[in-house]
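A.B. asks: Okay, these came from TrEMBL:
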type	residues	note
BINDING	Gly105, Ala106, Phe137, Asp222, Glu223, Ile224, Gln225, Thr280	pyridoxal 5'-phosphate binding site
BINDING	Arg140, Ser279	N(2)-acetyl-L-ornithine binding site
MOD_RES	Lys251	N6-(pyridoxal phosphate)lysine
Amino acid sequence: MDKQTVFHMDQENYLPVFARYQVVLETGEGPYVYDNEGKKYIDFLGGIAVNVLGHAHPKLVKAVADQAGKIIHCSNLYYTEEQARLAKTLAALSGLDKVFVGNSGAEANEGAIKLARKYGKTIAADKVEIITAEHSFHGRTLATLTATGQPKYQKGYEPLPGGFKHVPFNDIAALKQSMSDKTCAVMLEPIQGEGGVNIPDPDYFTEVRALCDTYGALLILDEIQTGMGRTGKMFAYEHLGIKPDIVTLAKGLAGGVPIGAFIATDKAAAAFGPGDHGSTFGGNPLACAAANAVLKVIEDEKLLNNAQAMGEYLVTKLNALKGKYPALITAVRGKGLIVGAKLTRPGRDIVNECMKEGAIINCTAGDVLRFVPPLNITKAHVDEVIEILDAALAAV
Ligand SMILES: *Cc1c(COP(=O)(O)O)cnc(C)c1O
C-alpha cells in the first residue's frame, strides 16, 4: 500500500492524538528500521526506550513464536511457568520480593499507587497522600496523569483524583516541607526521561530515602524508562546506593511486546490480598516469555557493560558537537544509554532534518534531543548517527 493511502486511512479513522512524522514504517533489523518505500533509518529512539535488543532479535523472535505456538493467553486464575519464572528473576534482580505484571507503564504505576494507598491505610485512615515531582511523567490514565507533574497532560481532564502533590525535582528542602504523616508514598523517576533527561544531584535520593523512612512513606521509583539496563545497570537505583519499596517497569521489559510490572517489598505487598488488584491480559505467557528472553539476552550478551560503554562514547561524541555548535547545544547529559543534548531552541526541525538523512531521534521537553537506542549498538552505529546529526546541525 502506498504511503499516501496509509496517511489517508489513518487520518480518516485513527484518533488524531499523535503529531506523527510523515513516514510509514514497515520492518526493522537490529538498530535499523525501514519504511514502506525501502528507505533505511538508524533508530536511536528505539520505540522510545522500548526496543532494548533492537528490532527482530532472533532470540526474542523465537521466544515469541515458540510461546505463541504453545499458548498465548490464559486467565490469571491459573499458574503458568513463564509468569512464575519472570517473577522469580525480577525479584532476584531487584532485591525486592513480590511482582505484579500488567500491560503498560501507566498500568504499572496505577498498581503501585493503589498498593501505596492500601498500605497507607494499614497505618492511618488519612495516610493517603502521594508526592511526585514537577516535570515528571508517569502515564496517561487519570491517576497517572495526575501524578505527572506537567499541567499540559492534565488540562481538560478535571476533576482530577485527589491526594497528589508536586514538588520541584532534585530539591530536598521542598520535599521535606511537603511531607507529613499523611504521606503514603513519594514517587519519582531516578532520571526524568520525558521531562528532558534530568539527572539529580548524587545525594538527592539518599535524602529522599531517609525522609520516606522518617515519615513511614513508601518510596516508589518509576523505572519505566530507566530500568532494564538502560543506564548501564539493570535498575538505575543501583547507581544510587538505595533501594525503593516499589519499582515500576514497562518499556524495555519485553523488548517491544506490551508489558508493565511493579515489584514491591514483602512489607508493602502485604497490603494486597486476593481480589485487591487484577488484570485480564496482565502477565500472560506470551508477554512473560518475551520478557524472560530479553532478560536472558541482556545477561548473555553483557548488554549492561555495553550500554555503559556506548553511553560514554555517545556523550563524548555529543560533547564534540557541542564544541562545534556552541550556539545550538548548551549541555550534554546522560547515564548509560539515556542521553540528552540540551538546545538553545526547539529541536523539532533538527529531528526532521535527521529523519530526512536517515536517522531517527526525538526531542523531548521541547528543546532536549533524546537518545535512547537499543542496548546492543556498536561504536559504528553511534558514529553513523553523529555524522547525520552533525550535518543536520549545520543545516538548521
Ligand atoms: C513511558 C513512561 C510511562 C508510561 O508508560 P506507558 O506504557 O506509555 O503507559 C510512565 N513513566 C515513565 C517514566 C515513562 O517513561
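All residue numbers here begin at 1 and follow the chain in the order shown.
Glycine too: its Cβ is placed from the backbone N, Cα and C atoms.
Predicted automatically and left uncurated, TrEMBL annotations should be read as such.
Surface or core, plus neighbours and distances: that's what I need for these features.
C.D. replies: Under the three-state DSSP scheme, Ile224 (pyridoxal 5'-phosphate binding site) falls in the coil class.
Around the Cβ of Ser279 (N(2)-acetyl-L-ornithine binding site), 15 further Cβ atoms fall within 10 Å across all displayed protein chains.
Under DSSP, Lys251 (N6-(pyridoxal phosphate)lysine) is assigned to a helix (H, G or I) in the three-state scheme.
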A.B. asks: Just checking: which of the binding-site residues Gly105, Ala106, Phe137, Asp222, Thr280 have a C-beta under 6 Å from ligand 1?
C.D. replies: Gly105, Ala106, Phe137, Asp222
A.B. asks: Quick one: pull the CA-CA distance for Gln225 (pyridoxal 5'-phosphate binding site) versus Lys251 (N6-(pyridoxal phosphate)lysine), whole Å only.
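C.D. replies: Checking the Cα atoms of Gln225 (pyridoxal 5'-phosphate binding site) and Lys251 (N6-(pyridoxal phosphate)lysine) gives a distance of 6 Å.
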A.B. asks: Give the three-state DSSP assignment (helix, strand or coil) for Arg140 (N(2)-acetyl-L-ornithine binding site).
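C.D. replies: Assignment for Arg140 (N(2)-acetyl-L-ornithine binding site) reads coil.
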A.B. asks: Between the Cα atoms of Ser279 (N(2)-acetyl-L-ornithine binding site) and Phe137 (pyridoxal 5'-phosphate binding site), what distance do you get, rounded to the nearest Å?
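C.D. replies: With distance taken Cα to Cα, Phe137 (pyridoxal 5'-phosphate binding site) is 23 Å from Ser279 (N(2)-acetyl-L-ornithine binding site).
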A.B. asks: If you count the C-beta atoms lying within 10 Å of each candidate's C-beta, which of the binding-site residues Gln225, Thr280 ends up with the smallest number?
C.D. replies: Thr280
